[in-house]
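Could you have a look at this structure, given as structure tokens, before my questions?
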Amino acid sequence: MNIDVHCHFEQLPAELREKEIRRNIVAGVAVDYKSGEILLEYKKIYPNLMVCLGIHPEYPEKYGDYELVEKQIRENVSEISAIGEIGLPYFNLLEIEDMEKKADILKKAEIIFERFLKLAAELDLPVNLHCIEDSGEYAIRELEKYKIKKALFHWFEGDLSALEKIKGNGWNISVSPDVIYNKEYEKFVRNIPLEIITLESDGPWEYGGEIGIPSMTEKTADFLTKIYSKSKEEILEIANRNACVLFNIKND
Ligand SMILES: [Zn+2]
């Protein structure tokens, strides 16, 4: 089965959820405490769902959930596959003009990010990360500080030196279907070595007017054949294998 390493599974329309989880293994990433609770409920009925718990860094209004989410992670540690979605805000900060407010949000985000990394190190869990553009280098330093062994930089786009360090640390990057529609992103993806690639949908985020679903990993793999000169099957095999190592799962 193909593995979607980053999907907001609980946000998919019910009929797609049912259909997709039968055909794919899906890492469902929480954005806050409440979505984490829903994912934990789904886990009881969908064995192909891998639950990741965290707080999405682009939602500062959710940072107050931290204590609750830490408790949620500790209480469900045997049920979950990773801590995430965690990381640092980027898009949120672009929208704020007030420099003081910006600095305040970033500072809070960094404190929470550090607490989550400490927790991941303590519980020996992988992290499903939203650390893009400028925040890449900072995130890498923090991950190195806490000796995080398994990390996924979801939909990562940033500079090449950050990419080198991600590879050097044995971490992964997931490629989203956006590569099919966005020339700039495609240009960046061309630099990602195939050996660290995994595939994601970030569903229900839309691509070309279509709701992102786990099965889109096939479409992405098909597109990637033009970058890596491998067959679609070979690309899927490598990406799926990387995901299995990352989340410590079997996929027979
Ligand atoms: Zn996401």
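In case you wondered, yes, glycine gets a Cβ from its N, Cα and C as well.
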According to TrEMBL, His6, His8, Glu85 bind divalent metal cation 1; which one of Asp178, Asp202 is annotated to that same site?
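Answer, per TrEMBL (divalent metal cation 1 site with His6, His8, Glu85), from Asp178, Asp202: Asp202.
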Cα-Cα, whole number of Å: His8 (divalent metal cation 1 binding site) versus His154 (divalent metal cation 2 binding site)?
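That comes out at 12 Å between the alpha carbons.
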Looking only at C-alpha atoms, tell me how far Asp202 (divalent metal cation 1 binding site) is from His154 (divalent metal cation 2 binding site), rounded to the nearest Å.
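If we compare the Cα positions of Asp202 (divalent metal cation 1 binding site) and His154 (divalent metal cation 2 binding site), the gap is 9 Å.
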In three-state terms from DSSP, label His8 (divalent metal cation 1 binding site) for me.
coil
List the residues of the same chain that sit at least 6 positions away from Glu85 (divalent metal cation 1 binding site) in sequence and have their Cβ under 8 Å from its Cβ, in sequence order, or write 'none'.
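Looking at Cβ-Cβ distances below 8 Å from Glu85 (divalent metal cation 1 binding site), excluding near sequence neighbours, one finds His6, Val29, Ala30, Val31, Cys52, Gly54, Ile55, His56, Pro57, Asn128, Leu129, His130, His154.
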